[in-house]
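Novice: Let me give you the structure first, and then I'll get to my questions.
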Amino acid sequence: MIRTDAKDGALVLFSGGQDSATCVAWALERYQTVETLGFDYGQRHRVELECREGVREALKRQFPAWADRLGDDHMIDLSVLGAISDTAMTRAIEIETAANGLPNTFVPGRNLLFMTIAAAIAYRRGLRVLVGGMCETDFSGYPDCRDDTMKALQVALNLGMDTRIVLETPLMWLDKAQTWQLAEQLGGQALVELIRVETHTCYVGERAELHDWGFGCGECPACKLRKRGYEAYLKGERVTEAPL
């Protein structure tokens, strides 16, 4: 594994959701410069992109020690991905399991494209670390969220760009309860509340009702996972101290 230190800058893939917001805080605690990157690929829950600036501003306002570290935000139009994807993430169709055993919310190649574009931006910006919220513990079976995929992608990107970029995935082995716990460790209850209220997870883009665990329809897989994780976090179930 390539070693990094606090002087290295980081580029965080930031969708506006719980996981990526936690990753932004994780990076701000570690690196002197942290930039963020979002993608508009025609997702049904595009409202998450509208949450991004609110999260960034709240982080700067509530955590002054991080304010000077939070740098530029980048937004990339990847509508072509939505155009070639016939999935419940980009179409108004019912969420179900496909014939291959994967949920039809899986967007083929999404994280591969995200990381490749992120690496190109990081290369241009002089940032050595990419941070993503991929997770192999509480996940929907997406193959591009697996640890093996990220490790292979790091090798391919460094070979293809003749550089030394590191892909960090701090949530890879955490369940959703531990992700809430990590937020508490990083920024106390203030960060937990910020993530609860300001971020968005719901696949169908519902943001009319604020539940105990945040906004959402409460019925889609993303909402159910977030709800279960938050309830387990409050009860202390399966929550040991999350590794920082």
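Note: Cβ is positioned from N, Cα and C throughout, glycine not excepted.
What Swiss-Prot records for this protein is below:
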BINDING   PHE14, SER15, GLY16, GLY17, GLN18, ASP19, SER20, ALA21, THR22, CYS23, VAL24  ATP binding site
BINDING   CYS202, CYS217, CYS220, CYS223  Zn(2+) binding site
Novice: How big is the gap, in Å, between the Cα of CYS202 (Zn(2+) binding site) and that of GLY16 (ATP binding site), rounded to a whole number?
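Specialist: Checking the Cα atoms of CYS202 (Zn(2+) binding site) and GLY16 (ATP binding site) gives a distance of 11 Å.
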Novice: I want to check the contact list for SER20 (ATP binding site): same chain, sequence separation of six or more, C-beta distance under 8 angstroms. What comes out?
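Specialist: Those within reach of SER20 (ATP binding site), by Cβ under 8 Å and sequence separation of 6 or more, are VAL12, LEU13, PHE14, GLY132, GLY133.
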Novice: Which of the binding-site residues GLY16, GLN18, THR22, VAL24 has its Cα closest in space to the Cα of CYS220 (Zn(2+) binding site)?
Specialist: GLN18
Novice: Show, in sequence order, which residues other than PHE14, SER15, GLY16, GLY17, GLN18, ASP19, SER20, ALA21, THR22, CYS23, VAL24 on the same chain lie with their Cβ within 8 Å of the centre of the Cβ atoms of the ATP site.
Specialist: VAL12, VAL55, GLY133, THR199
Novice: I need the least crowded one of these binding-site residues (CYS217, CYS220, CYS223), counting other C-beta atoms within 10 angstroms of each C-beta.
Specialist: CYS217
Novice: Cβ within 8 angstroms of the Cβ centroid of CYS202, CYS217, CYS220, CYS223: which residues besides those meet this for the Zn(2+) site?
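Specialist: In sequence order, the nearby non-listed residues are THR201, TYR203, VAL204, GLU206, GLY216, GLY218, GLU219, PRO221, ALA222, LYS224.
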Novice: May I ask for the distance between CYS217 (Zn(2+) binding site) and GLY16 (ATP binding site), taken between their Cα atoms and rounded to an integer number of Å?
Specialist: 17
Novice: Work out how many Å separate VAL24 (ATP binding site) and CYS223 (Zn(2+) binding site) at their Cα atoms, rounded off.
Specialist: 21
Novice: Count the other Cβ atoms sitting within 10 Å of the Cβ of PHE14 (ATP binding site), across every protein chain shown.
Specialist: 30
Novice: Might you list, by sequence position, any residue in that chain lying six or more from GLY16 (ATP binding site) with a Cβ less than 8 Å away from its Cβ?
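Specialist: Sequence-distant Cβ neighbours: GLY38, GLU48, LEU49, GLU50, CYS51, ARG52, VAL55, THR199, HIS200.
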Novice: Expressed to the nearest Å, what is the distance separating GLN18 (ATP binding site) and CYS223 (Zn(2+) binding site) at their Cα atoms?
Specialist: 11
Novice: Given THR22 (ATP binding site) and CYS223 (Zn(2+) binding site), what distance in Å do their CA atoms have, once rounded to a whole number?
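Specialist: Distance (Cα to Cα, whole Å): 17 Å.
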Novice: With every protein chain in view, what's the tally of Cβ atoms within 10 Å of the Cβ of CYS202 (Zn(2+) binding site), excluding that atom itself?
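Specialist: Result for CYS202 (Zn(2+) binding site): 24 other Cβ atoms within 10 Å.
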